Amino acid sequence: MAGAMVSIVGRPNVGKSTLFNKIMGKRISIVEDKPGVTRDRIYGNVEWLDKKFILVDTGGLDPNAEDILFSKVRLQVEAAIDASDVILFLVDAKEGLMPEDEEIANILRRAKKEVILVCNKVDSFKEMPPTYYDFFSLGLGNPIPISASNGLGIGELLDEVVKKLPQEELEYTEETIKIAVIGKPNVGKSSLVNKILGEERVIVSNIPGTTRDAIDTPFSKDGKNYVLIDTAGIRRKSRISESIERYSVLRALAAIERSDICLLMIDATEGPTEQDTKIAGYAFENGKGIIIVVNKWDAIKKDNNTVNEYTKMVREKLSFISFAPILFISAKTGQRVHRVLETVDKVWEEYNKRITTGLLNNVLNEAMLMFPPPADKGKPLKVYYTSQVGIKPPSFVVFVNEPELMHFSYLRFIENTLRQNFGFEGVPVVISTRKRGEN
């Protein structure tokens, strides 16, 4: 399942990041970095044996991960358990069984999650180090031996991971609009969901989504079918306080993966935070429709310029999703909440929009006559034609003489031309180049 989450946990210095990077390097294709998107490489999309999941490096979640106190290791592990479907519990064969390993194992045994015990730093399978057998006492099954540094045993480990992934979640029809309500804790996600559903009063049913406790709520309005994926239901009462903010990003990932359109909720009293930027970046990189919903607008003192000034500030901080419409609402009072679904419908239309090849090339050819493709080191870039190759999000291929001659600034010009002529409000536009004659 695309939204399943697998976290690597363990005490400091057992090789969590090394294992993460080894799998990343072998099996993960990261979407190319876009200007303005904060990428902190703590997670990546993995596909193995036709199964997809999100791999999380918990070591990367805390900048001081390698010297944190044990109490923080415990918080980190508990937070990872809360957000994940499968846990890779990494131990160190060279150092052997440590008290911290036993404490983490105690936490994991109480958790109702799939746990795979992974014994790192085993350099050869011909003769296991004596310390390897000590880990059987943890009661978490046979340790899978690996060497994260040289890749030994990684394939066998991934085989085991896909066996333990949860079953596919409920499938909805292509016409059902899947909406993820995302944002950091206490921004008002549940209040917005309740207000939307309270207005419509046509809830079909509450369906427990995945093992992450997200709640899928299907409902209908004016003949259209929607599903609200509410990540707020994931945040349980917990002793975790310091880690909760960090892990809220992880909780949003699975919901984003399953959605078509994301409602990125921002607290009007705080403005966009670094956390909001991370969540928005993930939605953008995964090609989702995005609507920025500024909540708690009733708590802001206003004058004639407040909306314009606030809009400018949001655009500056979230410049990479400048295509996203901004709504100012109060989930508490219901102010302008009716506009949320109206905007979702508009973005959904843009998300599914197709442009005929003839019209597309007429518009682009006219624009390119005014602003011809640049030459690189004297060699001119020739653009032959452009085709739309997909929707959700709208995707285009530009056929050229030499793809390496295409500068990102000219791709940006093509994107801007498409937006000016065809709209695409609220959705990313994916443009790639291909040499003419290539399939």
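Keep in mind that glycine also has a Cβ here, set from the backbone N, Cα and C atoms.
The structure displayed is predicted, hence computed values, not measured ones.
Sequence annotations record features per position, and here Swiss-Prot assigns domain 'EngA-type G 1' to 4-169.
DSSP assigns THR58 (GTP 1 binding site) to a helix in the three-state reduction. As annotated by Swiss-Prot, GTP 1 binding site applies to 10-17, 57-61, 120-123, with the evidence given as sequence analysis.
Feature annotation from Swiss-Prot assigns domain 'EngA-type G 2' to 177-352.
Secondary structure from DSSP puts GLY183 (GTP 2 binding site) in coil. What Swiss-Prot records for 183-190, 230-234, 295-298 is GTP 2 binding site, and it gives sequence analysis as the kind of evidence.
Summarising the annotation, Swiss-Prot assigns domain 'KH-like' to 353-437. Across the range of the domain 'KH-like' (353-437), the DSSP-based residue counts are 32 helix, 24 strand, 29 coil.
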Legend entry - Winner by Cβ contact number (other Cβ atoms within 10 Å) across the binding-site residues THR58, ASN186: THR58
Inset, instruction - Could you round the CA separation between GLY183 (GTP 2 binding site) and ASN13 (GTP 1 binding site) to a whole angstrom and send it over? - result: 32
Inset, instruction - Express the distance between the Cα positions of GLY10 (GTP 1 binding site) and ASN186 (GTP 2 binding site) as a whole number of Å. - result: 29
Legend entry - Cβ atoms near ASN13 (GTP 1 binding site) (within 10 Å, other residues, all chains): 12
Inset, instruction - Between the Cα atoms of ASN13 (GTP 1 binding site) and LYS189 (GTP 2 binding site), find the distance and write it as a whole number of Å. - result: 37
